[in-house]
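Just below is one structure, and these are the notes that go with it.
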Amino acid sequence: MSKAGTPDFFYREAQRLGYVARSAFKLLQMQKQYKLITPGSSVLDLGCAPGAWLQVACQSLGPLKNGGAVVGIDLKKVKVPPMHCDSRVQTVCADVLNLPKNKLKALSPQQNGFAVILSDMCPLVSGISIRDAALSAELGMRALDLAVGGVSLLHSDDTVQGEGRSECSNSTPKNDGLLRPGGHLVIKLLESEDVKEFGQLCKPLFKKAAWLRPNATRSCSKEIYLICQGLL
């Protein structure tokens with residue numbers, strides 16, 4: 001709904017097309033611009049409630065015969081939406097901050113990790129900007145750690161001020177992350193002074209990293225997405 005309480009364009013379109021929330025159009029735009037999810041991919045959706053991104057992710061896998069999998073994690077119990085989803089989609093009710101990586105990896109096809117990790121996690125907004133941004137950054141760091149592992153994070157911290165990305169990719173030790181080499185990561189954050197630093201932390205780990213504020217984002221929202229492509 002819009003700020004005035006009347007249905008806006010994306011809300012109406014979501015209802016018309018069978019998506020459970022207008023947020024579906026955020027991931028649809030990312031797909032159109034960056035082609036993150038390819039047919040047969042394995043996708044991990046962190047903070048998956050109410051399930052709109054599960055729908056878009058499953059659609060992006062192509063026909064059922066192509067294979068692939070979508071795993072959604074959320075503090076809330078999320079029922080897999082009947083429209084746009086099929087048997088490749090499953091959800092788990094758990095706290096991402098406390099869920100061991102090995103349990104998450106066990107949910108991936110052949111327990112081999114994921115090709116795409118999406119984090120749409122957001123803290124309960126208090127209205128205190130500094131606090132909300134800090135909590136958002138904490139969730140973002142958890143998503144990054146799950147994706148690339150602590151070893152890569154430490155290495156990135158040592159090299160973030162250097163310009164030689166190729167040197168970083170050649171010397172980075174094998175990590176315990178869930179994201180496969182060449183995989184993509186999307187992290188939602190709340191805009192703050194620390195956001196740029198977060199981006200600098202990610203850039204040495206991926207071939208490309210860019211910021212996106214999707215068209216479906218409400219005008220009053222401070223959310224912004226970091227799109228990381230091609231894990232090195």
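For all residues, glycine too, the Cβ spot is worked out from N, Cα and C.
The domain 'Ribosomal RNA methyltransferase FtsJ' annotation in TrEMBL covers 19-230. Over the domain 'Ribosomal RNA methyltransferase FtsJ' (19-230), the average per-residue pLDDT in this prediction is 90.
Listed in sequence order, Gly47, Ser119, Asp120, Met121, Cys122, Ser136, Gly140, Glu223, Ile224, Tyr225 are the same-chain residues at least 6 apart in sequence whose CB falls under 8 Å from the CB of Lys188 (active site, proton acceptor). According to TrEMBL, the active site, proton acceptor annotation covers Lys188.
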